[in-house]
Each structure stands twice: as structure tokens, then as C-alpha cells.
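Visitor: Below: one structure in C-alpha cells.
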Amino acid sequence: MDTLNNYDIVVIGAGHAGCEAALAAARMGCRTLVTVINVDTIGAMSCNPAIGGLAKGHLVREIDALGGEMGKNIDATSIQFRRLNTSKGPAVRSSRAQADRLLYRLRMKAVMEAQENLDISQTVVDSLMIEEGRIVGVRTSLDEEIRTRAVVVATGTFLNGLIHIGLKNFPAGRMGDTPSTSLAGWFKETGFSMGRMKTGTVPRIDAASIDYSELEAQHSDQPPAHFSFSSSGDYTLEQRPCHITYTNAATHDAIRAGIDKSPMYSGIIEGVGARYCPSIEDKVMRFPEKDRHQVFLEPEGLDTTEVYPNGLPTSLPLSTQIAMLRSIKGLEQVRIIRPGYAIEYDYIDPLELKPSLETKRTPGLFLAGQINGTSGYEEAAAQGLMAAINAVHLVRGQEPLILDRSQAYIGVLIDDLVTLGTKEPYRLFTSRAEYRLLLREDNADSRLSAIGHEIGLLSDKEFIRFQSKEKARINGIKLLESIFVTPSTTLNEGLATMDSAPLKQKCSLADILRRPELTLDHLADLARLTLDDETQVAVAQLATSSSRDGVQLQIKFQGYIKRQNEQVARFQKMEHVGLPDDMDYSSLSGLSTEVVEKLSRIQPRSLGQASRISGITPAAISILQVHLKKRTGGTVQP
Amino acid sequence: MFSQPLDSETIAAISTPPGSGGIGIIRISGPRALAILQLIFVPRDSSCRYKSHLLYYGRICDPIDQHIMDEVLAVFMAAPRTYTREDVVEIHCHGNFLVLQSILELILQHDVRLAEAGEFTKRAYLNGRMDLTQAEAVIDVLAAKTRKGLDLAVQQLAGALYERVDAIRRVLVEIRALVEVAIDFPDEDIEIVDYGHLADRLRTEVLAPLDILLRHADQGRIFREGVSVVIMGLPNVGKSSLLNTLLQEERALVTEIPGTTRDTIEEYVDIRGVPVRLVDTAGIRHGAEEVEEMGIRRAHEQMARADLVLFMVDLNRELSEADRELYAAVSHKPVVLVANKNDVVDGAGPNLSEFTCTGRSLVRISARTQQGIEELKHAIFTAVTGGREQWQEEACAPNVRHRQALVRARAAAELALDGVSVQQTSDLLAIDLQECLNQLDEIVGVTTTEDVLDVIFEQFCLGK
């Protein structure tokens, strides 16, 4: 057999899901092929040139902790770093970065090219080959067959992609790229439940035609908050500001004047759009009382004048796009380089998936990214990573890796998709996570790096670095819990200068740190006033170490963290009671028809997952327990 | 939240049928069973080591105020030789519903959940106690429960309780949406709600209506569980005669000799639908002998716990200092003045205005001839139910389980309000708000993330 046409894993698509999938499979030691319609678009950012944000920043950190690439790629190519929500509490602080769009994809392509075990091929896959019910290969548009043991499909918006600008529309996977129509047809013929979604993007405008003089600038944070746990130090690239401007009454008039030529409002678009990412025409029509909408002018890179006016996704006719843009302050003379557009595409109902992202219908076939009805680069990348890990495990005959809702945002994302399905493009929010206080950006490595290393994805070097950081954190907490101070005039005078109440009885430094107004820096000052030299040095070192935030959080929010840990313990009991795949729900007495239908369709893997399916009652769960017991004859109690 | 049948939660319920019987049994099952027993049970033999399957005699005593609730027999049965194959405790009480109910409530205050219908049996099955045929029976019970639950849900849909709890739930979803939108959309041009507004809404739209519901729960409880009414007065004013008259039987020994009743006597009567625990006490006087003195002490204890005091005077005697002294001792309680021996009084009797000037009702009766007894019943009913007050709202009086959920919801809302007042960060605030929602969900069904997101997208124009 021709070895060039024989792989362990084939990944179709090289967007954010496809890149993580291909790299993970290859790094775990599988012979991997990634196919892409146009090799120049590997790692392309089709929409806004930014990575991170609320819940998305969390995902990038988790991907990094497991050994993925996205964090490193954005750290190396970012032209602006910002920390969000720094005043809103430890669980919801998040990182966001503007990327140099070109450098981002070039670096990703270079990493892929340099990756051992990974072949890249500019190929259009038309269909998947199935023998005896399972995946055995892919067939290309040149009628070639490539044999493989597992396939990860990460085709994004390319399945039957259709671009709309005004009342004009044409097939495309992204502006300038051909869509995947044959493969879409294959999914339909094979019987997959599919739907149609839409998303939109903004016109790209020329910086040289923008008057920035009156606009508010938003600069990079100093020092930068890196995404990757292995990044450190200062910026790699020169930093660029974003600018903020607003739409106004004239803008809204221009939009209303062109609304009859909007493909959305004239009913041409049938796909469902996301409520959190509405087009500007949608915002104006739905919230007529709002007299302005915010627009962020984001630079697309260092060597381009293209600017991304974030906040203005639109599919209005080009003339209307120009009229509305030119009514905005700073954009009076603006020139459009690329028009904004809406794109409709097919997605596959994620209820077709197991929590491993393998389809229930076709063993060996995994789906990742926008094809599953999600939106966002980070959501896509996370799925790509998990799909590849589980494809490797399948090929090797190992158990799938399923992260649960208490372990990672990745777990929340996938559990939501495969348990609830989605009707609109799914985006992660921190509010979707029940155990938000435990799923922080700062502790993504504590949660996941051991797993990443164990499955052979996170390198030894990175794992050793993680271990030493983790040890420092744990020792830091022990240190503060073991040092006691007694009330004294010096100490209380010191506390007074920090606007903190005097100490009444002996307590540990950890107890003092729990006072909301105090930080580790204050502790270092107090130590200098009252404690011996050796202790002073230890506390001062801790206050400037890289584990300082982790230590501080763990101590300050101990009470809340304990409460959440108790909730997790209760949650996990139900998660650990497995439901067999071959359970015949229709044969179980006592369950309603609706419950039987839902359970048969979704095939939850645990009692916990079953309990989250909408319409499954507590009594139905009790009945399942009794039947499980009957079936196994053993005890069901964990 | 979802009930967690697989949890190692400890559950408890009254296991004997409703209605008064000779004895009533409360059963507790789960890992905390013995700990609970040791907390509330005072064995007569203080060296008692709770050997498995042995019956011990003692008293149930509230560990907080040391109040003695009943004399009982208690047995601890160690797993697995028990019905559920878990640790089980049974408390054999006097078969009075009110007593059983109050002991159960005491148990439920200590990290024990009220057992659902069929739950002991379900646990028995899950823990391998029963065979397959019995399993089918369990499924039938559970399936029936689903159907019944559905009927109940439909009834409650129309019911005031559902509507009221759901209204509070919707407010909480909105408050959570306000908190979440600020967290998940930090760069948006939206007005972020200030904490003062959140505090106002928590107070007026969450805590206040929860308080009203809890008050209804207490009122509903008056009908379900009854009230305690204590007859107090000087010796020989006719307390025992009144007890007998209300009971319509010769329960208490009535003589002309003052101080005949040496101890308290309790009986249950139904007054216009309200179960009343009627307590006759020893007449209060100075210089009583030792046994009588103990009775007097117990009379005071009973009074302290009573929902209502019937303060009796004899119309044939002028008010004495002793009357005034005793009245002063009960005057902080709800009181109905009962002037007895109306059948034999000459003229109007003594001037009672010093007792009635505070607006307290006065009923003139004759315990002997039953004159004025209907009026007295009316006065008792009015006093314990607050008269006309909202009895049409009985439909929304929550049951024990609802009440537990409401109490916990209230506690969580208080925590959230505390958090707001100390400017706690919004992610931590969300934890308390969610806990409050989870408790209300116990009554009205599950709130999902989508519900919160729906409110966010309805109210805010978001998305860059």
C-alpha cells in the first residue's frame, strides 16, 4: 500500500479547529494529514483580528495547558494585549489580544510545516469512505482515495457556504475561497441531521482615510498578559492602539434607508444568526431607542492599512455600507477596501456527537468547530484539540478523554453542545459555567497540565516548568498559613497606615490576607515591621513571585472555593454513574414517550448528563437508577 | 437544583400513617442518622452507647433551647442490617401529629432532607435489599409519582404559590442577568447597573415577598399543625372546668379545692378547623407545697411556648394583687381574657378595664353552663389566625418542603445583599444569587443558563 496515501488520522480543514487538531494528532505520534482548499489560508482569521475575551481567554489558557498551539501563536503575533474585568473578581478576569492577521497565520503555517508526523495537502475532500459502518478514508475531488483510521472534519463555514451582500449572493466558504458543496452533500445523504446558520463580518477600511485626531485611543496593557503559560517577558511585536468611535442618528438613517435591500430583512437569508453578534442593521432595527452604537477601530496588522471596524457587521449593499460609514465621526472620508458580508452555511446538529466529538452515526468520524454550530476561533480550537485527542485514543484503542463541567470551560462547551444541541451559533460565556470560581484563567494549568502531559501532548519541558510553579504556589500558601503574628503597637500602626483595622488576637498571615483591603504587598510590609529577617525575605519573595496571584486567590476566596468544591463533589457523583451506549430506553417501564425519545437520541453517557437534558425529570432519573441496578445486578451507588 | 438520589444525603420522614395513633414513628436513613439521634436524643441512661438494634428510652430535646419535645423510644440500626441497608434511626414518639411534625422539623434543621415519596423503598432497592419483582413495584411507585407530580404541577400552575415564587424567580433571573452582562460583556457601551439598585431590588422584590410567603407558611401551618393554647389563672378560677367544657368530656379532675390540678394537662381540640393543643395548668399561687410548686413551674414553661394564653379570672372575686402579678407575667403574649362563673355573678362583677384597656378581647363565660363558649371559640380562632386576615390565600401556603426551600432561598438572598453592601465582586455575588435561584427552582422548576442569557439579549444591545 502506498504509504503517502495511508494515514492514522486525516484532518479536513486548517482553520482554528483544524490546526489544533492536526498538530495535536501529530504531536501525540500519529501519522497525520491535514487537507485544506487553499494552503495560503492556514490559520486564517476570517472575522475579527483578535483572540480571547471573556470565557474565550479561558479557553485559550486551557488549550495551552493541555499542550495546544493557539496561546503561543497569539503571544508571538499580538499587537495589543489587554486584561479585561480586572475590577470584577478573580473568576472572570480574562485576556484579549489583537493579532497581526497576516503574521498570525504565517506563524501557524510555519509551525504546521515544521511539525513531525504532519503532512499538509492542498486538497478538496468530496466524500468520506465507509466500510462496515466505520470510516476508512476520504475521497478527493481528483478522485484519489486516502486511507485513514479516523477523520476530523473541521470545515468551518465552508459546507454549502453562501455569501450575501445586499440582494446579491454567491457560493463561497469565506470571501475569496470556494465552498465545500460535495462534502455537504455527503453528510446529507449519510443521514446527518443538519441545519443552517449565518454569521456576518464588517467592511475592512483603509487607515489612511481615517481621521484619528478626535478619537479616543485604547492602548496595550503594560506588562503584557500572555496567554501561554510558557510565554514571558515583554512584547514580541510593536504595539498598536485601537480607537473608539460611535454611530449616530445619521448612521441609523442611512441604515434604515437601505434596509429594504438587506438580505436579512428581505427574507433571503434563512440561517439563524447569533443574538450576541447581531449585524449593525439588526441593532438599529431592534433597539430604535439607542441613539448610538460603539465601534472599535482595530488595526489588522503592522504592515497593512486595513482596519477592522468592530461593531459594524453588515450585509447591506455596498453603497449603503459607504453611506453609513461616512456618517461616523473620524470616518467622514473613509474608503472601503473589502465590503462587509453575511455568510450562510450548513452545520451538523451537535446532538449527533458523543462527548468525545465522535459522531454516533459513523465510528471514526469526528467533527470540530463551526461545523458543530459554534462560533469563535477559541471555541473551534478547543474542539479541534479534543477531537484529535479522542481520534488518537480511538485509533490506539484507548478510552476517550472527556473533560467535565467542573474541570474546564472546554468541558462546559462540549457538554452543552452534545447534551442540549444549539439553535443559534453557540458561543461560550462565563455564565454558562456552574463552577466559575474554580475555572479561572490563572489556574488552567493546575487543572489540566497533568492531563496534557499524561496523554503525550504537553512536552516534558513545559510539564517540569508547571510542576515547579505549582510547588511554589502550594508552598506559598503553606508559608502564609504557618506564620503567626501577635497584636502589637508596631503591627497595628502598620495596619492603620493600610486603612485596616487593628489586630485583636494572634492570627496567621493567611488570616490577615483575607481582609479585602490587603494584598501580599501589604503582608510583605507588615512582615518587615514585625517579623525576623528570614521570614521577611520569604514573604517579600513570595509577593514578587509568579505564583503570587495564585496564592492570593486561593487564600482570599477560600470560603467560596470550598463551597464550590462541595458542589462539585455532589455533581461528580452523578457524573460517575455510567449509562451504557446500548441501553434500550423504549423497553424500560415507567418512562414517558418524550423522555424515551430524548434519551434514545442523545444517549447520555452518565446519569449526570441525562439529568441535564431538557425535559428529563428527577423521577425519570430515579427510574433509570432502578433499571441500571436491575441490569447490572450490582450496586449503583458510587 | 436537581434532587440527587445517589447522594449520600440523610433523609427523614414520618413513617406512620397520618392521624393520631398510639405511637408515631419517625425514620431517618443515611450516614448522619446516628449523629442526628445523638444530637436531639437525651437517653435516660447517660452511659448509653447506642448498640445497634437496641431500643433506648429518653427524651427528644431541642439542642438549641433545651426545650423538651416528647418522651420517646429510640433505636439505632447500623448498616447493612436495615430496611434501606444504610444506617437507620427510628424514633417512636407519642402518636400525635403535632409532636411528630415538630420533631421532624427539628431533625430537618440539621442537614437532613425530607424523604420523597417511596424514597426509603427506593434506597432499599438500590442498595441491593430487594429482588427484581420488588423492583417493578418500586418503578410503579416512581412512575405514579411522576403522574401525580404532573397533576400537582398543573394544580399549582393555577395556584398562588407557583405564581408568587415564580415572580421572585423572574426577578432573580433579571438581577443575575444584570450582574452577568457586566461580566461577560466588559467592552460594551451599556449602562452597568449600580449596586444600590441591586440592593433595592433584592430588598423589595426578593426578600420582602419571601418574607410574606414565609408568613403564609406559618399561617398555613396553623391549620396543618395547630397552635398551643395555655389556660392560666389563679387557683380555682375554673381552668379545668373550661378544659373539660371545650373537650366536652371529664378529662381534668374538678373540685372546689384550690390547687387540685398539680401538673399540666394537655389535650387536643378542633376549633373551627384549627387543631388546638389545649394546656390546663396548675393554678399559680405563692406558698404552694413542693409538688404543686413543680406544677407551677411547668405552667410557666408552657406559657412561654404558647401561641395564645387564655387568662382566667373569677367574676365572683375582686381582682387581687396575685391576679395582677400573673397578668403582668403573661402580658407579653397574645392573651384572651376569660371571665368565668358568669352564671353565678351578682351584677357586673369586678372592673376588668385595667386588663382590657390594651385592646384585648374579653369573653364572659360559664364553664359550667357552657354559656359564652361559642364566643370564646370565636375569640380563640380570631386570635390565632389574625381574624379575617387573608385566609382566602390558604392556597399559597407552602408545605414543609416548600418552606425549607424558601428559608434557604431567603438565607442566600441575605448573603447576596450582604455581598452587595460590602461591594463584593460580581462573580462572588453571582454564586449567592444562583444559590437563591436553585432553592426557588425546588418549587417551580429548573432555571437554565439560557433563561439568564435570554434576559440579557432582550434587554441589552450587545455584540461587536
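Cβ coordinates come from backbone N, Cα and C, glycine included.
Bear in mind that the values here come from a model prediction, so they are computed numbers and not experimental data.
As listed in TrEMBL for this protein:
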type	residues	note
BINDING	A:Gly13, A:Ala14, A:Gly15, A:His16, A:Ala17, A:Gly18, A:Val125, A:Ser180, A:Gln370	FAD binding site
BINDING	A:273-287	NAD(+) binding site
Visitor: If I restrict to non-local contacts, at least six residues apart, and a C-beta distance under 8 angstroms, what lies near A:Ser279 (NAD(+) binding site) in its own chain?
Guide: A:Gly200, A:Met264, A:Gly273, A:Pro313, A:Thr314, A:Ser315, A:Ala342
Visitor: Rank the binding-site residues A:Val125, A:Cys277, A:Met285 by the number of other Cβ atoms within 10 Å of each Cβ, and give the residue at the low end.
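Guide: The binding-site residues A:Val125, A:Cys277, A:Met285 were compared, and A:Met285 has the fewest Cβ atoms within 10 Å.
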Visitor: Just jot down the residues in the same chain as A:Gly13 (FAD binding site), at least 6 apart in sequence, with C-beta under 8 A of its C-beta; none if empty.
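Guide: Same-chain residues close to A:Gly13 (FAD binding site) (Cβ under 8 Å, separated by 6 or more) are A:Val34, A:Thr35, A:Val36, A:Val153, A:Ala154, A:Thr155, A:Gly156, A:Phe158, A:Gly369.
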Visitor: Name the binding-site residues, out of A:Gly13, A:Gly15, A:Val125, A:Ser279, A:Phe287, that lie close to chain B, meaning a Cβ-Cβ distance under 8 Å, keeping sequence order and answering 'none' if none do.
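Guide: Listed binding-site residues passing the 8 Å Cβ cut to B: A:Phe287.
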Visitor: I'd like to know which of these binding-site residues, A:Arg275, A:Lys283, is least surrounded, judged by other CB atoms within 10 A.
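Guide: So among A:Arg275, A:Lys283, the binding-site residues given, the one with the fewest Cβ atoms within 10 Å is A:Arg275.
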Visitor: May I ask which of the binding-site residues A:Cys277, A:Lys283, A:Met285 is closest to A:Gly15 (FAD binding site) if we compare their C-alpha atoms?
Guide: A:Cys277
Visitor: On a C-alpha basis, identify the one among A:Arg275, A:Glu281, A:Lys283, A:Met285, A:Phe287 that is nearest to A:Val125 (FAD binding site); the candidates are the binding-site residues.
Guide: A:Arg275
Visitor: For A:Gln370 (FAD binding site) and A:Arg275 (NAD(+) binding site), determine the Cα separation and express it in whole Å.
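Guide: Between the Cα atoms of A:Gln370 (FAD binding site) and A:Arg275 (NAD(+) binding site), the distance comes to 16 Å.
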Visitor: Round to a whole number and give the Cα-to-Cα distance in Å for the pair A:Cys277 (NAD(+) binding site) and A:Ala17 (FAD binding site).
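Guide: If we compare the Cα positions of A:Cys277 (NAD(+) binding site) and A:Ala17 (FAD binding site), the gap is 20 Å.
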Visitor: Taking the residues A:Gly13, A:Ala14, A:Gly15, A:His16, A:Ala17, A:Gly18, A:Val125, A:Ser180, A:Gln370 listed for FAD, what is the greatest CA to CA distance in Å, to the nearest whole number?
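Guide: The span, Cα to Cα at its widest, is 18 Å.
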Visitor: Hey, how far is A:Lys283 (NAD(+) binding site) from A:Ala17 (FAD binding site), Cα to Cα, in Å?
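Guide: Cα to Cα, A:Lys283 (NAD(+) binding site) and A:Ala17 (FAD binding site) are separated by 30 Å.
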